[in-house]
Structures are given as structure tokens and as C-alpha cells.
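According to Swiss-Prot:
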BINDING   C559, C568  [4Fe-4S] cluster binding site
BINDING   H654  chlorophyll a B1 binding site
BINDING   M662, Y670  chlorophyll a B3 binding site
BINDING   W671  phylloquinone binding site
TRANSMEM  46-69  transmembrane segment
TRANSMEM  135-158  transmembrane segment
TRANSMEM  175-199  transmembrane segment
TRANSMEM  273-291  transmembrane segment
TRANSMEM  330-353  transmembrane segment
TRANSMEM  369-395  transmembrane segment
TRANSMEM  417-439  transmembrane segment
TRANSMEM  517-535  transmembrane segment
TRANSMEM  575-596  transmembrane segment
TRANSMEM  643-665  transmembrane segment
TRANSMEM  707-727  transmembrane segment
Amino acid sequence: MALRFPRFSQGLAQDPTTRRIWFGIATAHDFESHDDITEERLYQNIFASHFGQLAIIFLWTSGNLFHVAWQGNFESWIQDPLHVRPIAHAIWDPHFGQPAVEAFTRGGAIGPVNIAYSGVYQWWYTIGLRTNEDLYTGALFLLCLSAISLIAGWLHLQPKWKPSLSWFKNAESRLNHHLSGLFGVSSLAWAGHLVHVAIPGSRGEYVRWNNFLNVLPHPQGLEPLLTGQWNLYAQNSDSSSHLFGTSKGAGTAILTLLGGFHPQTQSLWLTDIAHHHLAIAFLFLVAGHMYRTNFGIGHSIKDLLEAHIPPGGRLGRGHKGLYDTINNSIHFQLGLALASLGVITSLVAQHMYSLPAYAFIAQDFTTQAALYTHHQYIAGFIMTGAFAHGAIFFIRDYNPEQNEDNVLARMLDHKEAIISHLSWASLFLGFHTLGLYVHNDVMLAFGTPEKQILIEPIFAQWIQSAHGKTSYGFDVLLSSTNGPAFNAGRSIWLPGWLNAINENSNSLFLTIGPGDFLVHHAIALGLHTTTLILVKGALDARGSKLMPDKKDFGYSFPCDGPGRGGTCDISAWDAFYLAVFWMLNTIGWVTFYWHWKHITLWQGNVSQFNESSTYLMGWLRDYLWLNSSQLINGYNPFGMNSLSVWAWMFLFGHLVWATGFMFLISWRGYWQELIETLAWAHERTPLANLIRWRDKPVALSIVQARLVGLAHFSVGYIFTYAAFLIASTSGKFG
């Protein structure tokens, strides 16, 4: 008999129903559950798949470069970044009539095109790319890297090149190489690129391989480095009248501490960025030499952890047993990696708009909005994944004997206190915030807006003032003109910071009031509730008072049959599933807040946000409804326009989102009956009954239907908001 899908599970392959296909797809990446898997093969498979992942990333970025070089307008955009719209790629669509062709032909193109809202033009311009040839070269280079990655992945699956289990378990060596090699050397290389290519490029000097060795990045070369006069590299920085990409107003400094933004590009000074990467490189190169490997010097991570026993025995045996627990659990390691990456991604969203690093990106409002929203949603999915794998760790990998009375065991021992405190915080935030919003709604409805409860965020304003924002009149730390920190800041360090923080045209430390106070607490409610669900799911994954033997049922189970009431919906998977809805809604509030606040800032009518954001009707009417007007006007006498595609996507997103509920609010028996009726009709219909199936059609399992529903809900939700965000922003600002 020919091998049927899935080949990794002979038990599933022999299943006579369509369950074989769905369960096969669901467990394809759960290598641990595959037939004949060993720990060594598990590590080797994951290692090889990383190369495949890299190949896909390189291919994708290569495609971006290639299409912009081929169909974009990079060279004409460079001439006037503020007024030429950057083109992502051409659109070829046989359905386009003349109105559509005209609507989508823009940015100086000869036919219909898509506009780029990803910020790649600004990024490439900042790092020194100037011609289409540069873009093609980059695309080709990344294509080669992609091919090399694929070959490396294949190679590491060959018997001779398969790394051993001990190689994967060597934490010290891996940490040294990742810290020094991955972060240290790459940061140093990037600092080098900025100094040798990007900074000269910003001063009108075109450095490529043919003149790379002839152009000195600094007039004094390596002399200041070798003689210890490093401050010479910071002298004669670009002036405030510097025109980016030209020598007009340019200086010669390469490593500075100016602070603030380049007046023309509204982005961080390139010389500050180079300095930052050099410092990061130094730190990581040092950090990558800290752990003990072949030479018997440096720290042993196990010894470090075992020594961490808090005084007074207040945390039991401290970190004893943690080294082996983490080192032997891929899920624990993945959970830690995802938690870190999730936080970093959210920080990227925050910093890309508040401290923009790329030239002219701050004036491309649609791109700013798209990048913020994109990174926040990505962060949300990554963070929920961290808790999912944390729960799988507790079910599959946690060993109580190995972790007796250490910090991990003690987390489980007092989980009731953790969960109930989170629950209390969520309830407090939810009822108080909703209470304030609803009170304000009623006051507005009754025509007495002066009776609203409006709370000034004085603590946050004080923190902003301490960092130098003077508009609140707090006169503290950096906003106190008489203080030593203020006076030192004008000359010694970051002289541009205080100018930037008090400049109203950027997004640095936005002025906040009662509307911000309320939405901040609404977001805090969402964050705490999402965390509550995720933390409870992980801490109760092994068992709870209701179901002490939960771990024996695995990560995702629907119920333990009818004989045992109350065991439905309490698997660790169900907690993850529920948390994703909360995560999406929380990030919805975050992005609504960010977008509305910025639209009013960019349009110069901040009072609209300040006055309308203190009650729910204000959000619904003046943000959602008002800004979706271009998307919901249906067919009109003017026909097609460049926002039509977003209007269609807005509708389609709602459709996908609503389809999710068909899977979420239904029961398996209903679908099973429907399928059997359809199968009966199929078998009795002439011609149709010539087509037979090998697998008996059965309804999706409860857990699978939930996953399908969740996927539709998530994708529809994001499609809908993406269309709204891009159309409402580009419709106003072009």
C-alpha cells in the first residue's frame, strides 16, 4: 500500500475519515509527537528548518528590492521625498476598466501601481542606497544568501553534517556565539556600514566598492582611535541647516551624542545612530566572552543559577535545578525567546514613530500609521505564543522532583494568589474605566458636558516634565531651567534633546490630558485581562482543583466526557484561544488611540481628540464613523477612485471576520448532520456520484473548529482595520 498522508504518523494515516487530513495538518510541526522521533532528531529537524526560514526571509526581502528597482520610482523619489509617492510595484489586472487604470496610475508611473506604505524607500535612502542598480545588486545578493541558506539546511540533514545532541545542549558556547557573533559582530558591521557608506551618502558622497578604500570616512582617519582622542570623531557635526544627501551644511563628525532630530529629515542624526551601534557592538562583544567553554575561564551558567539563593530562604531553593529544566526543554526556551521578541517588537512599534531613525519617514503619515499598527499586532501574536509554549512546557517537560522548592515550583505553589490578584486588577480597571466613560456619555447625552468626570494624568505629566517637557509648568529636573542637569544638557550631552521634546511637530512625549488618562486605563484593562487568561492557562496547565489530572490529557482537549461535569473549555489551549481575542481587542484600543491622537496632531486640530475622547460616543462617532466615511459611501456617481480597493478590503475584512462566528458559535453535531445530508444527496445525484471520496467526511473536532473560527476572526479583524487605517490616513494626507 502506498504511504498516505501523514507519513509521520501511521496511526493517523490509517484513519478512514477526513480527520486524517485535518489532524495531519495540525500536527505536522509538532515534531515531538511524530513516529520514530528521538530527542536528537527533534533538535536536528528544528535546526534544519531554521535555514529554510532564513531562505524564505531572504527571498522575500530580495523580492521587495527587485520589484521596486524594476517597477518603482526610487530614483525620482530621492529627488523629492516629501512630494513623490513611493511605488511598491505595478498592478496588472485584466478586470481594470479605464476609470480603474486612471485611479491607480500615480506617483509618476505609466500604469496602475501600488503605493509603498512600508517605509522601505526611506530606509534604503537613509542607509546610502541611491540608484536602481544598488537595489538590483541588493536583490541579487539576498537571492544568493537565500540559496546558500537552503543548501545549508539540506546539508545539515545529511548524516555526516548532522550536529550531535551534545552540541545543541552546549548553552555556554551557543550564548557566546550568539552574543558576540550574532549581535556583537553584526552591530559592529552595521556601525561600519553607517560610517563608511551611509554618513558619506547623507553628505553627498557616493561610496561603493570601486572607491571604498580611497574615501576616508573621517579626515583624520584612524589617528584619533589609536591615540585615544576619540572626542575628535564627534567634532564638527552636521549643522542644523544641513540638506540631507548633499554637502550643504554638512560636517565631518562620525560618532556623536547630539540628541533630537535632523531639522530637515525629522529623523535621528545618522552620526548618533552610528555611535549607538558601536556602543551596542562593544557591549555584546564583551558579553560574548563571559561564559566558560573550552578554556576553563569565565562563568558557568549552571553555577551562576545554583548560587542564586536569596537570603533568608524567602524564595526556597532559588534557581536550583533551573539550568537543566531550561536546557532540556525546547518549549521553555521558545517561550523565553518569544516573550523577549514580543516585547522588543512592541518597543519597535513605539520607537519607530517617537524616535524615527529613517530620513523623511516622520512626514509620511500613512507609513507611520501602518508601521505602528503592524508591529503592535505582530507583538501581540508573538507574546501570546510565549505563554502557549510555557503551558506546553508545564505539560510535557516539567519535572517536579528536579525543581523542588525552587522559584518555578513556588510559582505553581502560590498560583491561586497570582491569578486572584490579576483577576482583582482586571475587575477594578474594567469597572472603574467603563464607569467613567459611561458617566461621561450620559452627561453629554443630557447636554451637560461640564458634569463629566475628567481626570488629569498628573503623574505621567510629571514624568514627562522630568524628561524636559516644559508645557505643564512643573519645573522639575530637566524642565527646570535652573537645574544643573538642564544646563549640562545644553552643552555636554544630547543638546538637541530638549529642543526636540518641546517641539510640537514630532511625536516625542505627546501632550496628554483626561482623554489619554481614560484610554490608558482601558488599555491597561485589556493588558491585565489578556495576561490573566494566559497566566492562568499556563499555571493551571498541569492541573487544577477542578481537574487535578489535567496534564494527562495533553495541551488541547475538548472535555473529559459527560461523566465528569465541568471539564470542558479548561485545557491550556482554550486559555490561549480565549486570550487571542482579548489580545486583538486590546491592540485595537491601542491602535485606535495612537491613530486618532496622531490624525488630530497632523491635521492641527488636537482639540477634537481632547474633547471627544472622554466618552464612548466620541470614539464611535468622531473616530470610527468619521474616518470610515470614505470606505462606506458605496457606489457613487464619481465611480472608481484610488481608495476603492481599500473600501472593498474593508467590506471583505468584515465578511471574513463574520465568517469566524459560524465556526465559533455552533456545535459539532449540527455540522455532522449537515455533512451526512450533503453526502447522501451527493451519492444520489447523477454525474456528481461519479466522484467518490476515500475518506468519510466528518465534522471538524471542537478544538479544530475553534481554531478555524479564531483564524477567521483574527484575519478579518486585521484586514478590516488595515483598510480603515490606510484609507483614512492616505485619504487625508496623500
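Here the Cβ of each residue, glycine as well, is placed from N, Cα and C on the backbone.
Sequence features annotated in Swiss-Prot and their locations in the structure.
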{"residue": "C559", "record": "[4Fe-4S] cluster binding site", "Cβ within 10 Å": "15"}
{"residue": "C568", "record": "[4Fe-4S] cluster binding site", "Cβ within 10 Å": "15"}
{"residue": "H654", "record": "chlorophyll a B1 binding site", "Cβ within 10 Å": "15"}
{"residue": "M662", "record": "chlorophyll a B3 binding site", "Cβ within 10 Å": "13"}
{"residue": "Y670", "record": "chlorophyll a B3 binding site", "Cβ within 10 Å": "10"}
{"residue": "W671", "record": "phylloquinone binding site", "Cβ within 10 Å": "16"}
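Cα-Cα distance from Y670 (chlorophyll a B3 binding site) to C559 ([4Fe-4S] cluster binding site): 18 Å (rounded to the nearest whole number). Here the candidates are the binding-site residues C559, C568, H654, W671. The one whose C-alpha lies nearest to that of M662 (chlorophyll a B3 binding site) is W671. It is 19 Å from the Cα atom of C559 ([4Fe-4S] cluster binding site) to that of W671 (phylloquinone binding site).
Panel annotation: around the transmembrane segment (575-596), residues 353, 369, 372-373, 376-377, 380-381, 383-384, 387-388, 391, 516, 519, 522-523, 526-527, 529-530, 533-534, 536-538, 540, 609, 613, 619, 623-624, 627, 706-707, 710, 713-714, 717-718, 721, 725, 728-729 of the same chain, lying at least six beyond its termini, place a Cβ under 8 Å from a Cβ of the stretch. Under the three-state DSSP scheme, Y670 (chlorophyll a B3 binding site) falls in the helix class. Listed by sequence, the residues of this chain that lie at least six past the ends of the transmembrane segment (46-69) yet keep a Cβ under 8 A from its Cβ atoms are 31, 87-89, 116, 118, 120-121, 132-133, 135-136, 138-140, 142-143, 145-147, 149-150, 152-154, 156-157, 163, 168, 330. The stretches the transmembrane segment (707-727) and the transmembrane segment (369-395) are in mutual contact, each linked to the other by at least three Cβ pairs under 8 Å (pairs 6 or more apart in sequence). Sequence-distant contacts of the transmembrane segment (135-158) (same chain, at least 6 residues past either end, Cβ-Cβ under 8 Å): 44-45, 47-52, 54-56, 58-59, 61-63, 65-66, 68-69, 74, 124, 129. Distance noted between the C-alpha atoms of W671 (phylloquinone binding site) and C568 ([4Fe-4S] cluster binding site) is 19 Å.
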